[in-house]
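Below: one structure, written as structure tokens.
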Amino acid sequence: MANIDKEVLASQPDEISKDQKRRKLNKHEKKERTHLQCEYFIAKKNRRCCMQRKADRKYCSEHLVDNNEPDKGERVPCPLDNNHSVWSKNLTNHLKKCNAKPKENEEIWYEKDLNTKLGVDITEDSFKNDGNDNDNEDDDLNEKELYEKYIPILRNIKDHFEPLGFSISKHSGLKNRLSEVSNQKHAIQQSSLIGNMKKRGLLDINKFYLEFGCGKGELSRFVNLSVLEDLQVKDLAGKSKYGYGFIDRGVNRMKMDSKIVKDAKENTIEVNITTKRSKIDIKDLHVDKFLKDIDPEHVVVISKHLCGAATDLTFKSLLNSSLLQGNSDKFGGLLIAMCCRHVCAYDQLLPESRAFLQSKGFRSLSSFNILKKIVSWAVCGKRDGTNEESTGEHISGLTFKEREELGLVARRLIDESRVFAMNLLVNPLGFHTEMFWYVEKEITLENVCLCIIPDSN
């Protein structure tokens, strides 16, 4: 970077922090740095891979496996997780330390495939299947014929759906975060979700928050900061078991667990806090055993962008626990920002959800698979120069704009099936389920939130 830039920055007023100066310097340096882009061409996306490569190689580490160079050695997929690759000469050592290596000693709350089914027949009395499901009725139809059959059904459904309401909120606990980041879209989403939690009585020092699909736990950290922001000394009287549980099957760096504890200790009013994390798939999680040593007073389930079938598995994990049994008052509520309905699994939907879809005309696995394809139209991008009114020779024969509108209807249908199912199951327990847009679509296309709250709130 030119010396004059550094001199200009150094001469700026003292109120500009060192961090701000460093960010400005980095911004200039990034412009000058040549990006060594991977040369692998992704035919499906009609573009090159965006990942960085080493200066002496043509491809990034993930695509070296597709184009091995004899003088460099062979790159092979990891047998434990083929989403990453490794040099063949290092494979033996890699398998000993790979993060995808199965655990030898599972935690006591691990029960393989526990939540792929319901432990008790909760649905027997709550809803009767009308018997109209037919898994084989569409087996003879090709993709184009499936579109021709189900697009008119979705168009008819569209006319019967009232628009979702907006519930855009915010919480002052994220004011510092919003001032720190230049790209505010995640902070805006977090602020609205937490503001909605407060509005619905889900934000309190007497809650234990269980974050599913937590990643590094960023949502929980800002929930904690917001709880601390609202905290009064009188709120601590008789309160206990405040804390956070983290559930994620992935390996996450820069986890927020310790920062949450630090924030609580450094708060004006010091708070005792419990955190607990498990690297586990939701389908294998025994919620009661995970919570046993904590024994929380009230449990609130939260998640930001819980992907596809993970939302349905979360519902099942709660239904398989004591939290949603009639004699328990530990369940405090739930707030989930949903995403990726195109990767939902038909066999993981609650039986009531499947029955709802069947009542709307989607009675087979093939029909659900075509519904998922249509769902993806709601969030797929438009290439530069694409005319919204052009079909672009799409197999459906629809324009981009028509596909986007139908994609939103398909997404809404799956979401409504979840609301229908959970209302049947939680209404008798004194809860109700609601759904709303929590931010504008310009912030995120995945802007739908599902919330379960006590009727008394």
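Residue numbers in this text run from 1 along the chain shown.
Just so you know, glycine gets a Cβ as well, placed from its N, Cα and C.
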For the zinc finger entry in Swiss-Prot, name the matching range from 75-102, 103-130, 243-270, 271-298.
75-102
Expected hit for region 'Disordered' in Swiss-Prot across 1-29, 175-203 is 1-29
The zinc finger (75-102) - residue tally per DSSP class, helix then strand then coil:
10 helix, 6 strand, 12 coil
Overall pLDDT of the zinc finger (75-102), taken as the mean
84
Fewest neighbouring Cβ atoms within 10 Å: which of the binding-site residues HIS84, HIS94?
HIS84
Around the recorded Zn(2+) site, report the further residues of that chain (criterion: Cβ within 8 Å of the mean position of the Cβ atoms of CYS78, HIS84, HIS94, CYS98; site residues excluded), sequence-ordered.
PRO79, LEU80, ASP81, SER85, VAL86, LEU95, ASN99, ALA100
